[in-house]
Amino acid sequence: MENWDGNEGTSAFHMPEWMQIQFADQKQEFNKRPTKIGRRSLSRSISQSSTDSYSSAASYTDSSDDETSPRDKQQKNSKGSSDFCVKNIKQAEFGRREIEIAEQEMPALMALRKRAQGEKPLAGAKIVGCTHITAQTAVLMETLGALGAQCRWAACNIYSTLNEVAAALAESGFPVFAWKGESEDDFWWCIDRCVNVEGWQPNMILDDGGDLTHWIYKKYPNMFKKIKGIVEESVTGVHRLYQLSKAGKLCVPAMNVNDSVTKQKFDNLYCCRESILDGLKRTTDMMFGGKQVVVCGYGEVGKGCCAALKAMGSIVYVTEIDPICALQACMDGFRLVKLNEVIRQVDIVITCTGNKNVVTREHLDRMKNSCIVCNMGHSNTEIDVLYFSLGKWLKQSMLSSALRAALIELQHYQASLRTPELTWERVRSQVDHVIWPDGKRIVLLAEGRLLNLSCSTVPTFVLSITATTQALALIELYNAPEGRYKQDVYLLPKKMDEYVASLHLPTFDAHLTELTDEQAKYLGLNKNGPFKPNYYRY
């Protein structure tokens, strides 16, 4: 990976006037609360869809026509456009109210919209996006539109879409193709409808999980001739980009938003610290005090989950592969174990590694009765709901190489928890009992998919940080002169990270100390930043 260096040649990042940090007037700007806001015009393996989310807040989605697929409906918005596919366009008014609430907790995006819409830094940009479609994403999309971009959007997750928000976006003129409860086929159909449209071709990609990028590479590789860059926000998607880069197949610059400081330290840590409890409480109504919990992975997501559960009185164990993260867990007061050592005794198992097969069928067989199993990572591969048992066929020497390859691929589709001897019992939306022949049962949440967006909601303010980072990354890649970024994966410029953080400080009536000229000279810094080198670990 090439590092962005603000002090070398063509890589220099020049901050436009509207992006200058303005401490004097920021507080006043953020404290304004509009009395009325008008209607204004962010995993899975390649073979699996990000089927992750349900929000109990989406109370307007359970209407009588839910059984009819949106693909079979003929809908138009009030302007006569039918270039969208949502559950029910009539829910737009409810969705607009949710978007207005989200705007109040997303001060940086609203400030960015106000400061930059005159200059329109995304004029001419045609952005195709694949993210969770929530009220917070709607604020991002409408900000991108205010900055001059045209957008087409699909969901990165078949359960996370808020139908009323999708309807509000469609009513505002955004081509949105998403609804809660899509099938696997619907998922890819929606992505294709965003990409494959006559007379419109994207020149920027905003992805969450890498599915959109993968689809374009697979189906429409020639589109990359006009695409200026990719912005990716998830661990899963970033991993895919690095794989493409390593193989020499990445043909456009890509911005790794997931590993930016503002994403890692705020979205991954603080968001999960609050939403893990919300998701578990809404689905199970359980008491956390005294419960034994094992958290698989002690990255930023794992740290947030562990901190929240410990504060509620839970006994928390941690599994880790990285000795540095493992030592951090130990120093934070958690016992480091192997999953096999505690699987029989724990009450809750939480995965947040970004890996696959972290909790296997063997682990599931050994769990105690009523153990709760859930995942906080983007991908639905961490809990072994998908399992392969075709080994006896692969051992046959008479198989052709093509058939053998097909059987190997088939292993990703056979469900370990949907075998005939196990019974599935739906408790409520996104909550299932999986019952063994001897009567033992486990509680599986969101079918092993992303818990917080599947079973609850996430803090809007934290998503404001991530969404602002995504917007600035799109602006940077779109406006970068030729040669600044090569066909590689880049981290967000440090100056941008600091700018995103500064936009959120006035919400807390926070006052930054400014360096004197003498102090800046002593430290060898510019008074306006960046204040830390790229290698600094916050």
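Cβ atoms here come from the backbone N, Cα and C positions, even for glycine.
In TrEMBL, annotation is done automatically, which means it is predicted and not curated.
Keep in mind that this is a model prediction, so the values were computed, not measured.
Long-range Cβ contacts of Lys263 (substrate binding site) within its own chain (separation 6+, distance under 8 Å): Glu233, Val257, Ile465, Thr466, Thr469. Annotation comment: TrEMBL describes Thr134, Asp208, Glu233, Lys263, Asp267 as substrate binding site.
Take the CB of Gly299 (NAD(+) binding site) and look out to 10 A: across all protein chains shown you find 20 other CB atoms. Feature annotation from TrEMBL assigns NAD(+) binding site to Gly299, Glu300, Val301, Gly302, Lys303, Gly304, Glu320, Asn452.
Annotation comment: TrEMBL describes 33-42 as compositional bias 'Basic residues'.
As annotated by TrEMBL, compositional bias 'Low complexity' applies to 43-62.
Confidence across the domain 'S-adenosyl-L-homocysteine hydrolase NAD binding' (268-458), taken as the mean pLDDT and rounded to a whole number, stands at 86. The annotation domain 'S-adenosyl-L-homocysteine hydrolase NAD binding' is assigned in TrEMBL to 268-458.
What TrEMBL records for 24-82 is region 'Disordered'.
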Which same-chain residues, if any, lie at least 6 apart from Val301 (NAD(+) binding site) yet have Cβ under 8 Å of it: Asn268, Leu269, Cys272, Cys352, Met376, Gly377
Length of the line joining the Cα atoms of Thr134 (substrate binding site) and Glu320 (NAD(+) binding site), in Å: 32
Sparsest Cβ surroundings (other CB atoms within 10 Å) among the binding-site residues Glu233, Glu300: Glu300
Which listed residue (Gly302, Gly304) has most other Cβ within 10 Å, given these are binding-site residues: Gly302
Candidates Glu300, Gly302, Glu320 (binding-site residues) with Cα within 10 Å of Asp267 (substrate binding site): Glu300
Under 8 Å by Cβ from Asn452 (NAD(+) binding site), counting only residues of that chain that are 6 or more apart: Cys271, Cys272, Ser275, Ile276, Asp278, Gly279, Met376, Val458
Other C-beta atoms that fall within 10 angstroms of the C-beta of Lys303 (NAD(+) binding site): 25
